[in-house]
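Enquirer: Copied straight from Swiss-Prot:
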{"type": "COILED", "residues": "42-65", "note": "coiled coil"}
{"type": "DOMAIN", "residues": "145-207", "note": "domain 't-SNARE coiled-coil homology'"}
{"type": "MOD_RES", "residues": "160", "note": "phosphoserine"}
{"type": "TOPO_DOM", "residues": "1-215", "note": "topological domain 'Cytoplasmic'"}
{"type": "TOPO_DOM", "residues": "233-236", "note": "topological domain 'Vesicular'"}
{"type": "TRANSMEM", "residues": "216-232", "note": "transmembrane segment"}
């Protein structure tokens with residue numbers, strides 16, 4: 001399996017930084033002895049330029065790996081920490097290079113850190129999680145893609161649930177609208193029925209009055225007939 005290009009570049013960059021630190025130390029020792037160092041100075045300048053190019057390449061590779069989800073966010077953060085250390089070391093080496101005739105503690109600390117990292121090309125692997133321990137780069141990428149697919153499936157399921165809940169809410173709203181329409185129809189029916197009852201009540205009252213008037217007229221007519229009969233009835 002082909003090695004990870006990012007770590008291959010990282011290892012070579014660390015070697016360049018180590019070489020620069022050693023060359024600066026050698027130059028400073030020569031200058032303390034009164035020796036001229038134009039060749040060493042030129043070599044250090046060239047190595048510093050190469051170091052900057054390598055660091056820029058590491059930045060591009062890391063950005064591409066994170067943006068295309070070839071690595072997890074945790075792995076990206078770890079690589080970014082390593083890259084930040086390299087950038088800091090580059091600045092320290094450049095400052096030490098410009099400080100001619102001096103050998104600051106920065107050079108010695110850089111040498112010690114590089115010695116400590118020898119034999120451990122990928123120092124962050126000691127903190128590698130159990131899920132990816134022993135897996136190759138392609139296997140880790142497949143595992144990450146599987147995790148992303150599972151997350152996408154979970155988001156799709158959540159979206160489906162939200163859609164169903166929204167649809168249920170719309171159906172409940174429609175049912176409430178229908179019930180409100182039924183209640184409005186019942187209210188109109190009750191109002192119309194009440195109006196009809198009032199109309200019929202007025203009619204009954206009118207009929208009752210008419211009935212009372214007709215009864216009185218009949219009584220009066222009967223009385224008149226009785227009077228006439230009594231008047232014309234012969235008496236002895």
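The count begins at 1 with the first shown residue.
The backbone N, Cα and C atoms fix where each Cβ goes, glycine too.
Help me understand the surroundings of these features in the structure.
Expert: Residues 5-6, 9-10, 12-13, 16-17, 19-20, 23-24, 27, 71, 76, 79-80, 83, 86-87, 90, 93-94, 97 of the same chain, all 6+ positions outside the coiled coil (42-65), place their C-beta atoms under 8 angstroms from a C-beta of that stretch.
Secondary structure of the domain 't-SNARE coiled-coil homology' (145-207), assigned with DSSP and counted as helix (H, G, I), strand (E, B) and coil, comes to 63 helix, 0 strand, 0 coil.
The average pLDDT computed over the topological domain 'Cytoplasmic' (1-215) stands at 79.
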